[in-house]
Amino acid sequence: MHLKAFGKVNLYLDVISRRKDNYHNILTLFQSINEHDDIFIEFSESEIFESEPPLNISWDNNIIKKSIETFKKETGFDNFNLKIKLIKNLPMGGGLGGGSADAAAVLNFLSKNFKISEKDLFEISCKIGSDVPFLLKGGTAIGKGKGEILEFLEPLKLNIQIYPMNYNIDTKKMYEKLDQNWKSINHFGDPYNLYEALKNNDIITAKQNAFNVFEQVAFKEYPKLKQKKEDMEKDEGIIFALMSGSGSTLYKVIYAN
């Protein structure tokens with residue numbers, strides 16, 4: 001079976017506070033994008049995984065394997081193996097949720113085959129990664145907590161152009177940079193105001209509320225990202241440009257319907 005694992009951008013992303021479990025509370029506006037990985041998957045006598053191009057992480061550390069193992073543990077359906085071929089189109093470490101999208105696609109495949117409830121599948125996804133719960137369904141949603149507290153909204157119809165940059169940014173490192181510089185970090189905008197502005201083609205309000213807190217640390221580490229974003233903001237017809245996730249992918253929103 002051929003699965004499409006659609007990525008996401010964060011139209012708004014702020015880090016609100018650090019949690020006792022060493023994670024962070026975030027506030028974000030998730031938006032699905034057309035860009036996706038392709039996954040060819042079938043049940044098999046033995047576990048087989050291959051990727052084009054080859055990944056720079058081992059299978060044991062792959063979030064797809066984590067999703068399969070977590071599914072087996074949580075459901076008790078553990079007497080199966082999968083043959084998976086991943087065509088990796090979304091950039092690694094790019095902020096588009098590529099690995100999480102792959103995990104979500106495989107979970108949806110397993111859920112349909114083993115008839116797992118939506119509630120149970122959601123709970124499994126929360127154990128795998130912060131973006132996985134949203135990517136199970138996709139569309140447009142406000143995310144809170146670690147990203148797993150979701151408020152799905154009427155999907156926005158946006159023209160989003162993606163600009164992958166040649167930096168594999170470590171999310172953990174970016175959170176550490178935020179923590180180290182917390183007192184000097186600025187927070188502004190509102191994801192609900194941004195959503196309404198994009199829904200109603202209110203360009204001025206959209207510009208005022210589009211925000212990614214990670215730009216304040218990522219742009220110091222990678223100055224070329226800042227320069228590229230500033231160049232993009234000069235483009236004709238643009239509503240706003242932003243970095244997605246903890247980086248490094250940049251994107252621009254051209255118009256909203």
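Glycine is treated like the rest: Cβ placed from N, Cα and C.
Positions annotated as active site by Swiss-Prot: Lys8 (among others). The Cβ of Lys8 (active site) has 28 other Cβ atoms within 10 Å, all protein chains considered. Annotation note: Lys8 (active site) sits in a strand segment as assigned by DSSP.
Residues annotated as active site in Swiss-Prot, with sequence analysis given as evidence: Asp131 (among others). Listed in sequence order, Lys8, Phe30, Gly97, Ser100, Ala101, Gly147 are the same-chain residues at least 6 apart in sequence whose CB falls under 8 Å from the CB of Asp131 (active site). Asp131 (active site) falls within neither a helix nor a strand when secondary structure is assigned with DSSP, and so counts as coil.
For Gly99 (ATP binding site), the same-chain residues lying six or more positions away in sequence with a CB closer than 8 A to its CB are Asn62, Ile63, Ile64, Met92, Gly129. Following the DSSP three-state reduction, the secondary structure of Gly99 (ATP binding site) is helix. Among the features that Swiss-Prot reports, ATP binding site is placed at Pro91, Met92, Gly93, Gly94, Gly95, Leu96, Gly97, Gly98, Gly99, Ser100, Ala101.
Cβ environment of Pro91 (ATP binding site): Gly98, Pro164, Asn168, Ser248, Thr249 lie under 8 Å away, each six or more residues apart in the same chain.
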